[in-house]
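Take a look at the structure set out below.
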Amino acid sequence: MTMSQTDGVEFASRNTNENGHDDDDQLRSQWVAIERSPTFERITTALFCKRDEKGKKSQRRVMDVSKLDDLDRRLFIDDLIRHVENDNHVLLQKIRKRIDEVGIDLPKIEARFSDLFVEAECEVVYGKPIPTLWNAISSKLSRFMCSNQAKKISILKGVSGIIRPKRMTLLLGPPSCGKTTLLLALSGRLDPSLKTRGDISYNGHLFSEFVPEKTSSYVSQNDLHIPELSVRETLDFSGCFQGTGSRLEMTKEISRREKLKGIVPDPDIDAYMKAASIEGSKTNLQTDYILKILGLTICADTRVGDASRPGISGGQKRRLTTGEMIVGPIKTLFMDEISNGLDSSTTFQILSCLQQFARLSEGTILVSLLQPAPETFELFDDLILMGEGKIIYHGPRDFVCSFFEDCGFKCPNRKSVAEFLQEVISRKDQEQYWCHIEKTYCYVSIESFIEKFKKSDLGLELQDRLSKTYDKSQTQKDGLCFRKYSLSNWDMLKACSRREFLLMKRNSFVYVFKSGLLIFIGFIAMTVYLRTGSTRDSLHANYLMGSLFFSLFKLLADGLPELTLTISRIAVFCKQKELYFYPAWAYAIPSAILKIPISFLESFLWTMLTYYVIGYSPEMGRFIRQFLILFALHLSCISMFRAIAAVFRDFVVATTVGSISIVLLSVFGGFIVRKPSMPSWLEWGFWLSPLSYAEIGLTANEFFAPRWGKITSENRTLGEQVLDARGLNFGNQSYWNAFGALIGFTLFFNTVFALALTFLKTSQRSRVIVSHEKNTQSSENDSKIASRFKNALPFEPLTFTFQDVQYIIETPQGKKLQLLSGVTGAFKPGVLTALMGVSGAGKTTLLDVLSGRKTFGDIKGQIEVGGYVKVQDTFSRVSGYCEQFDIHSPNLTVQESLKYSAWLRLTSNISSETKCAIVNEVLETIELEEIKDSIVGIPGISGLTTEQRKRLTIAVELVSNPSIIFMDEPTTGLDARAAAIVMRAVKNIAETGRTVVCTIHQPSIDIFEAFDELILMKNGGKIIYYGPLGQHSSKVIEYFMRIHGVPKLKENSNPATWILDITSKSSEDKLGVDLAQMYEESTLFKENKMVIEQTRCTSLGSERLILSSRYAQTSWEQFKACLWKQHLSYWRNPSYNLTRIIFMSFTCMLCGILFWQKAKEINNQQDLFNVFGSMFTVVLFSGINNCSTVLFSVATERNVFYRERFSRMYNSWAYSLAQVLVEIPYSLFQSIVYVIIVYPMVGYHWSVFKVFWSFYSIFCTLLIFNYFGMLLVVVTPNVHIAFTLRSSFYAIVNLFAGYVMPKPNIPRWWIWMYYLSPTSWVLNGLLTSQYGDMEKEILAFGEKKKVSDFLEDYFGYRYDSLALVAVVLIAFPILLASLFAFFIGKLNFQKK
């Protein structure tokens, strides 16, 4: 509030005297003191009244508002905005009045777009557009041969319009009509690959004249956030990077003009404006303001979380996405479906605040919504209605109904206008709104509507305004942004560093766990190589070389988790980069620098553990130098994996490239293949491998030590002789050259990381693929909607009753938290029940408890099905549960998903023909016929849209013929028409006599009144109403109207919105009643208890439902169905299977080239070591890649498995056996690739026996590593921990493979680990089958020995043990597969 000086003092005096504090003179003197201070101080100084947590105010005093602590800010906002509905409007009015009093014009933006066309290019394939292995290969070949077909799809088709300031515009339209594309285009965020024509301007300025990404904000449909950060931290960082815009300059100007005019502002408004204008601070008052108006205060300090980590709810995450954008100074907002997952009351509150912001702050706002309630719809000033990429109507909201009445269509009474608008343009729903009875109805196309609008007064006025050039002289450039970044380079670097450090603290468990594993592996290594260096001869020098290589390999593999961690954050980085929060270098530098202490610690721990115990040269200087090399190598390796993640970004592809990098670095590192043994034309590989420089540095540090200075017969020191044999003798000075090279590699990889983040395209959805056949068909299917769900399969109608249900969990702080409090009710056959309440009331929790899905917590109360205590196995068979989150196998089609569900959930006495008929009927009922051959895909990346995925979730449950169906928010994410389709089907299902319960958030009038009964809940899991709705919701309205002070329901308003509004916490406080207690004391509650008891007694008269088995199908049918699904999933997953086949081919080719024909001539031990090195390379690295890539594939399907297992679709053994068997054909193919490429190129001996052994050993290797990767997934809670354990497994199987330390030299206390390591048996079988029967004499370490004797003496391999090796090799995959099957059935990491 602003006023004259006297009024201002009087206001402040009244405000303070009520609390017994300052008088007028003291306040005036304080204000005068502020005005006398320098400008830079005055702008951060205000008269601030501190408050305690009880709300008690202290004396108002002069304070620096930039130094307010968290409690001060929170209590200040709580005092300013006690009730969001009213107080936010008052606050904005006071701010606007203060601005107006000094004559400042607020900057504003008018966004115009004219003849805007947007086209996308898609790939045309013959047959179904399914990404199979064959399609992937043929697509790559066709692109290579430039013969691929491409088709352009028009997304926006010549749209024009004006988004005006001080007004809020609603964007409506059916799915795929171009709403998101229009929002992206107007905000300057369209993908560059899209072809755009037309003009877009802000205040007459084209996008090339300013920075649109900083002038406007786009609120995405996708909730991308860093899961480790809290809600407050997410908003603080967003606010910090966005800066304060013109707030600071405006506050300075207001202060200057007020001083000249002698105006004393409201102290609280002055403090708020100054605190919100502070730049570069870690926290800002604006964060607390946004938390308050979005209703996020309750979870402000809760971490965001994700699928594998607990966090905030989906609705809270949606609000956080909105808050992240509006916390900054930008006033032009393009918001995409911001109400998904929110109840209608919360949506109304948020949009009310946005409306107040638009009108009082002159903001420009365009919002797309799916199902706006009538009250929410009326908040908007203007409306844009879209269809088929065109704008049908663009004008004032008030005139849209009259426009369509002129076209012959009228919105019925008690029909949501938004719902009417989306259905009237649909061919399938249009006819019901035809109002010209005297005329025969004929379908009015979208083109006809557009033509009529263009000829209307509104259309002509719009064209007239667009034809006039915007007068730039009227433009306030403060509204446009001409800088990419709000902060200085140094401030951006500090902010990114602060966030990176915080994330490292939040992930401290991962780093501690990783360091613990490193200590564990280090302990094993030092005891395996115990005092190896104490004997100085060429043989022990070879062992010492093995220990050095193992150290290097361990630190190399230790960097792999950095790859997965980086990929997991790439999506959030890309979003924030597009928003111009910061440049890539500001993100890359802290990522690199703050990991230096981790590298330092892990390298030091390894060196400290192993150096003196293994027996390296004991000088302290050499200890430090070895540590420095390992430190530099570790830095370069984690930098390399970061760079790979930034370049490739896809999990499977990046993991495969990471594995290839390990292969290349290891093979060219100078140990597996000696430098002299490399082909001369491939020696460049040696000089490009960081591992070779580390090898040079470590060996120079060790073998130029005095203790290796003994002169040999060749007149060289023993150390030089050892280095010469390996081709590593580059002189003593080579150590520092190697160290410098490793630092250079670190800098190079970090530069690549930064450049990749800067210049490579942002991660996006996969390229659209369409079928050639479908492309020739009409896009509109005229099939009728099934008016009835005609499924006539027999089922048992069941009553579900529950009494005094309580659910209590223990918080991390050890406190008891009650989420459900004495909930009592009944779900009856043929009755459609709605479960409603504000976000966080416990609706989903109640469904989870009643259905038996909770995995922790204490459940009390009585739950009965059919009058008998619920038996979970039986209940899972006869019930269906549509989860809030749509979890499906990504590589099946829509029809196959339904077929799979019907196959396993319908009993075996139902014929296949009947099952197919049911599947087709459900496809028709839920309107999935047109997309039945579409791949489900991964949410946000490929496949179905959100609303299609939601309909699939419902369809999958319907085909199971359940007696009881629970649906958790079945209409969330659907537009009004799709929601109506779904609810029509649900209503028809209930009318067949089934028991149906749905939780709902923001239903339209029609959807809400389709329900028969309502259970209304409040926070704390308490029921405040349970009973019938009545015609036009009369019963529930009558119940709440009895409460004194409840406002009447306005005519044509949505009863659901009204109910949520009057039962909100703030409304309850105003009324001064406890609605839950009022319900428990009501006559309705007593009547309900009697009805529930009668229902129980009636049900008890019937027979108890007993099923003959836990599953609908036999074990054999379960296995067949699971194998069918897994086969399709694998065949359609080229990113997994094609990638690992390519990797195997690459590794084999590399080995073939490096070891060309080396197996033919074996004359000394080094020749044998070369051949053994080729075997070791293929075995270890092909295994590593298979293990790494299978993790993500199995982890994706694990969530689907949890859902399907709960529904008793199959036994875990049937699922796991199918998962195990489906890997075999791909492993067979990889093994064949190995034999075809490696065998002739390396020059192995040709015989059926030897070829078979090579094939058999590699085949078992691949299965072992595949099954171990699958086992890792099922015994760990998330992929990140699985990846960390994986790298330690690689180190162990490397150490005990018999390559870096042969079996005879392994200490007896570790020999059992040799026998437990699968790689030791594989290498035994490969080498012994090739050379175990060879009697040729070779020179081995100065002695002549037969090859077979050398194998036994040096490696411990015996030819007569091959039969045992063969048995053990097949036993390993069988054991691992059995463990996988056991643990996937026993462990459940899904916390509910």
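Each Cβ is built from the backbone N, Cα and C atoms, and glycine gets one as well.
Swiss-Prot assigns the feature transmembrane segment to residues 652-672, out of the candidate ranges 568-588, 652-672. In the three-state DSSP assignment, the secondary structure recorded for G842 (ATP 2 binding site) is coil. Sequence-distant contacts of the transmembrane segment (1364-1384), counting only residues of its own chain at least 6 positions beyond either end whose CB sits under 8 Å from a CB of the stretch, comprise 1198, 1201, 1212-1213, 1215-1217, 1219-1220, 1256-1257, 1260, 1263-1264, 1267-1268, 1270-1271, 1274-1275, 1318, 1321-1322, 1324-1325, 1328.
Residues 1118-1119, 1122-1123, 1125-1127, 1129-1130, 1137, 1140-1141, 1144-1145, 1148-1149, 1152, 1178, 1182, 1186, 1190, 1194, 1197, 1201, 1204-1205, 1251, 1254-1255, 1258-1259, 1262-1263, 1266-1267, 1270, 1377, 1380-1381, 1384-1385 of the same chain sit 6 or more residues outside the transmembrane segment (1215-1237) yet have a Cβ under 8 Å from a Cβ within it. Within the set of binding-site residues (G173, P175, G178, G837, G840), the lowest number of other Cβ atoms found within 10 Å of a Cβ is recorded at P175. Contact between the transmembrane segment (652-672) and the transmembrane segment (1281-1301) is absent: fewer than three CB pairs lie under 8 Å, with pairs separated by 6 or more positions in sequence.
In the three-state DSSP scheme, G837 (ATP 2 binding site) falls into the strand class.
Within 8 Å of the centroid of the Cβ atoms of G173, P174, P175, S176, C177, G178, K179, T180, where the record puts ATP 1, the same chain has further Cβ atoms from M386, G387. Long-range neighbours of A841 (ATP 2 binding site) (same chain, six or more residues apart, CB within less than 8 Å of its CB): M1017, K1018, N1019, G1020, G1021.
Only sequence-distant pairs (6 or more apart) were considered; of these, at least three Cβ pairs between the transmembrane segment (1309-1329) and the transmembrane segment (1175-1195) are under 8 A, so the stretches are in contact.
Over all protein chains present, the Cβ of C177 (ATP 1 binding site) has 25 other Cβ atoms lying within 10 Å. Proximity of the transmembrane segment (1281-1301) to the transmembrane segment (1136-1156) is not established, fewer than 3 Cβ-Cβ distances being under 8 Å for residue pairs spaced 6 or more apart. Using a cut-off of 8 Å between Cβ atoms, the transmembrane segment (1136-1156) and the transmembrane segment (543-563) share fewer than three residue pairs, counting only pairs 6 or more apart in sequence.
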